[in-house]
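Noted in TrEMBL for the protein shown:
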ACT_SITE  Cys450  active site, nucleophile
BINDING   Gln312, Glu368, Asn422  S-adenosyl-L-methionine binding site
Amino acid sequence: MLLILAGLRPALLKHKLVNVLVEACLCSGAKDTTTNPGKPPKLSNKKWRKKFRNKPASNEHLPWEERLADAVTPLWRLSYHDQLQLKQKHQERILLQLSDQLLCGESTQHKALTQCPSPPRSTKLSFPLLPILPSPVRDGYRNKSTFSVNRGVDGNPKTVGFYVGTGKVGNIVCVNGDHLLNMPERHKLVARCYQDFLRLSALEPCLLFHDGGHWREVTVRTNAAGHTMAIVYFHPQRLTPEEIEVHKSSLVEYFTQGPGAICQLDSLYFQESSMTRCSHEESPYQLLHGQPHIHEEILGFKFRISADAFFQVNQGAADSLYRTVREMGLPNGAREGGGGGTLLDVCCGTGAIGITMSPRADRVIGIELIQQAVEDARHNAALNQIQNCEFLPGKAEVVLPGLMEVLGSTTDSGGPLTAVVNPARAGLHYRVIRTLRNHSSIRRLLYISCKPEGEAMRNFRELCCSPDPHRKLTGEAFRPTVAVPVDMFPHTPHCELLLVFER
C-alpha cells in the first residue's frame, strides 16, 4: 500500500534522517533568520542545486515513495511557510550576486560579464526585493504532467511513473507517483490506467530506442474546469501503418469503452516519434478521440491549449504572476482603454502576457519561435475579441532587429515602448539582448525567469553593464528597480522571478 506522505508528516519528522533533510532544506542558516533576516545563508548556487538534486546515500533504506518525493518535491517535509522563507532567501542570494557583478562592472566590464562572485559580498540589495507571492493552491496544482515508462521496483518494464536513480549509474527505477503532493488526482488516474493498458498490450514498451519496443511516456493536461487531455507517445520501429492503426484503435477503445473510460478524457492524442522529443511540425499530433483543445482562463481571459502549447503549470499562481506583470509593466497612467503605448512581448508563447496586458496598451506585438504557439496566440486574441495584438513567428534574434527598426520610426511620437521577455531556461540570445539594450525608446523592461541563477544572469549583466562598444552594447544601461518572486512550484525549490529594469 502506498504511503500518503502528507498524512505522515508528524511521524516522519521524528525520524533522524528527516530532521537532517529539513535542516538541509533550510540551508543551515534558517536558525538565524529570525534574529538576522537580512543575512542570507552563504551557499553558492551550485551547492544549492546539489543539495536538492542529490540526496544522501542513507536515504536508500527509505520506502521508494519517499525517495521519489525527495527527488521530485524536495521540500515536501517543510511547512509551506518555511518553503516560502527558503525561496525568498535563495532569490535574495541570487540578486546579491547580480549587485556584486554590476559593481565590479564599473571598473572591469568584461570580467563582470563572465565571472560570478560566490558567495555574494554585499549584504543589502540596491533595489527592493518584494515578499514572495504564495501559490493559491499548494497541493495538486500541476495542470501538466509527463509520466515515464520503465522498469518498476518489481522489475516490470511496463511501469508508469517517475524515475529514481540515474542512467549514468544504471540504477533507474520507475516509481508510481500517486503519493506526490504536486500531482492532481486526475493525472494520477490517467497514469494508472495507461499502465493497465500497457500491461494488456502485446507490444513492449520502448525503454531505449536501440533496444526496440513501442509504448513510451504519456502527458496529461487538465484545466480548472476538470477537462482532461492525454498525449501518448509511440515509437513505430518497423511496424507498418496498418499495424500501427490496430494499436491506435485498441488505445481508443480502452479509454472510451474499456476500463480507461473512468478517466473521461476530453481529448486523446497520439504522436509517433523515433526521437526523444519532436515538434508538431516534425511529427504531427494525431487526434484519436474528442476535442482538439481544452481551454483555461487567466485574469478573465480565455486561452486555447493545444497538445504541445506552453502554459504555466500552475493556473492560480499564473494569475498572480500575470497580474503583477500587468501592474508593473505599463506606466502608472495606463488604465483600461489603452494609453500605455506599445508592448513588445518576446518569447510570447500562446500570448497570455500580451493579451492580459492589452486593455492598457495601445498596441501589443508578440514574437514566438513555435508556429503552433503563434497560431494559438492569434486564436486567443480573436477568442477574447482583442484587436490590438499581433503575433510574429520566428527566432527572436532574427525577427526583433528588423522589427525594432520599424518601431523606431513610430514610437518617438506614439507613446512609450515597454518590453516583456519570458525566455526558457537558456535565456535570451545575445543579439536579442543587444537589440533591446541599444533601442533608446525602451525605457522599461520586465524579465521573467524560472532560473535566474543560470544563463538569465548573463542577460541581466548585459542589460545593466556600462556601455561596451567592443561587445556592441552601446545603449544606455538599464538598472534593476524591483524584483518579485512568485511561487509557481510548491514543494520544490523553484519559483518564478519577475525583475523590472528601467533607465
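Numbering starts at 1 and runs along the chain as it is shown here.
Using N, Cα and C of the backbone, Cβ positions are placed for all residues, glycine too.
Distribution of TrEMBL features across the structure.
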residue : record                               : CB count, 10 Å
Gln312  : S-adenosyl-L-methionine binding site : 22
Glu368  : S-adenosyl-L-methionine binding site : 26
Asn422  : S-adenosyl-L-methionine binding site : 23
Cys450  : active site, nucleophile             : 18
How many whole Å apart are the CA atoms of Cys450 (active site, nucleophile) and Gln312 (S-adenosyl-L-methionine binding site)?
11
Other residues near the S-adenosyl-L-methionine site, CB within 8 A of the CB centroid of Gln312, Glu368, Asn422?
Phe310, Cys347, Cys348, Gly349, Thr350, Ala352, Ile353, Ile448
With S-adenosyl-L-methionine as the bound species and Gln312, Glu368, Asn422 as its recorded binding residues, calculate the greatest Cα-Cα distance and give it in Å as a whole number.
16
